[in-house]
Amino acid sequence: MKRIMLIGPSQCGKTSLTQCMRGEALHYQKTQAIVWSPTTIDTPGEYLENRCLYSALLASACEADIIALVLNADAPWSPFSPGFTGPMNRPVIGLVTKADLASPQRISLVESWLVQAGAQKVFFTSALENTGVDEMFIFLNAKESSCLTK
């Protein structure tokens, strides 16, 4: 499986998604620093929310195969600027988390924010209901993902 780096604001579900990907029981755990594993790089939301920490995200992106921009379906606004992932020089996917909490119109808006930020493919997930994760696994386990062939 490709190593995926999860970037998103605080409380958007990055760590829950990581726990779900590892088959662990879901429990709240505040990520205080970048957490490295063989298949994931989990980043604290503060690294996105504080521009002074962008350099840590850029440096860590070098160790990832794919960048995942994570945003909860009920997010009031996008923390990602258009073209946010350009300097990372990695394929980018978008992950809409907590998809069970929002209307289809709201999910569509969040999807458009992720695409503007650089996501080439967007997945809709719910760690609570364990939906959308299988599609993401299939994509990550593919020998050559479609967004890698641009």
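Counting starts with 1 at the first residue shown.
Backbone N, Cα and C atoms are what each Cβ position is placed from, and that goes for glycine too.
The annotation GTP binding site is assigned in Swiss-Prot to G8, P9, S10, Q11, C12, G13, K14, T15 on the grounds of a curator's inference. The annotation region 'Targets protein to the BMC' is assigned in Swiss-Prot to 1-42.
Long-range C-beta contacts of G8 (GTP binding site), restricted to its own chain and to partners at least six residues apart, with a cutoff below 8 Å, comprise K14, T43, G45, L48, L69, V70, L71, N72, P79, L95, T97. Contacts of C12 (GTP binding site) defined by a Cβ separation under 8 A and a same-chain sequence distance of 6+ are given as G45, V70, L71, N72, A75, T97, K98, in order along the sequence. Counting residue by residue with DSSP, the region 'Targets protein to the BMC' (1-42) contains 9 helix, 9 strand, 24 coil. Other than the site residues G8, P9, S10, Q11, C12, G13, K14, T15, same-chain residues with C-beta atoms no more than 8 angstroms from the centre of those residues' C-beta atoms, the GTP site, are G45, V70, N72, T97.
K14 (GTP binding site) is surrounded by 29 other CB atoms, counting those within 10 A of its CB over all protein chains shown. In the structure shown, the C-beta of G13 has more C-beta neighbours within 10 angstroms than that of any other entry among the binding-site residues P9, G13. Taking each Cβ in turn and tallying the other Cβ atoms within 10 Å, the top scorer among the binding-site residues S10, T15 is T15.
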